[in-house]
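According to TrEMBL, the feature S-adenosyl-L-methionine binding site maps to HIS12, LEU14, GLY39, GLU60, ASP88, ASN103. As annotated by TrEMBL, domain 'Ribosomal RNA adenine methylase transferase N-terminal' applies to 19-188.
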Amino acid sequence: SGILFNTGAGQHILKNPLVVNSIIEKAALRRTDVILEVGPGTGNLTVKMLEKVKKVIACEIDPRLVGELQKRVQGTCLANKLEIKVGDVLKTELPFFDACVANLPYQISSPFVFKLLLHRPFFRCAILMFQREFALRLVAKPGTKLYCRLSINTQLLARVDHLMKVGKNNFRPPPKVESSVVRIEPKNPPPPINFQEWDGLVRIAFVRKNKTLSAAFKSSAVEQLLDHNYRIHCSLHNTVSSFFNILNSVSVYCDLHTEIPENFKIAEKIQAVLKNTGFSDKRARSMDIDDFIRLLHGFNSEGIHFS
């Protein structure tokens, strides 16, 4: 209908019906499903899903495309199965849904993936279109070139599978990059790990993923952060210790009490943890989830925290 698409905002409409049908087939939609779609555009994927599910909740930021989508279903039996939320999906609370199926604006790929994975209640799966390189990073394994913080953080929280490649000519207007469709299935229950702590550790390790951890943790900024966190940790434990001593009317230190010596150096404590856990000479690029879990436990057991 003569709309000028804003490619700067990631508006590349999926036009090939064979690709649309393939995505829907791989999503294994059910009649009782509520589907979340982000960036529905003119509704090529939306309409096909409406024919198969109970409801589609479409999140769209562009009022022009909202109007096109409304016109497309107006007066049909599909209209009452479509709910449109207008606005930035990253700034709004996600509704309940069973599955997420979307041709995402590529610039929100990373924040949206983690918004999804931290969403509760759990959803069954997400079938998402990404820029090819981003998709390959999601599924990358330790030791490969594309393995990064995004890879390990996503794989901690979900099973991720690369489903299909999609060429740029399947879109209007064509993007400058190739695309891929990925399936993300959240781990339910999730691993018993504080994700903020985990991400703090992984962020430091992957700043220079080819450096040894011993070298990566010698950064003055890292040492200052961990020293600050360590002193807060000790202060909090001292407060708890004093509280228990008062309750018990005993003037002895409880196990939680932590004194910081005057000559304390966080750098020495950090290197001691790395040595004792056997990770001093390891590099983030080759470490898997179990390695980072052991390392995080090693730091936490010595009172060193990352959030």
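Note that Cβ sites are derived from N, Cα and C of the backbone, with glycine treated the same way.
The average pLDDT computed over the domain 'Ribosomal RNA adenine methylase transferase N-terminal' (19-188) stands at 97.
In the structure shown, across all protein chains, GLU60 is the one of the binding-site residues GLU60, ASP88 with the greatest number of other Cβ atoms within 10 Å. For the binding site of S-adenosyl-L-methionine, formed by HIS12, LEU14, GLY39, GLU60, ASP88, ASN103 according to the record, the largest Cα to Cα distance is 20 Å, rounded to a whole number.
Within its own chain, GLY39 (S-adenosyl-L-methionine binding site) has GLY10, GLN11, CYS59, GLU60, ILE61, ALA102, ASN103, LEU104, PRO105 as residues 6 or more apart in sequence whose C-beta sits under 8 angstroms from its own. HIS12 (S-adenosyl-L-methionine binding site) is surrounded by 24 other CB atoms, counting those within 10 A of its CB over all protein chains shown. Neighbour counts were taken at the CB atom with a 10 A radius for the binding-site residues LEU14, ASN103; the maximum falls on ASN103.
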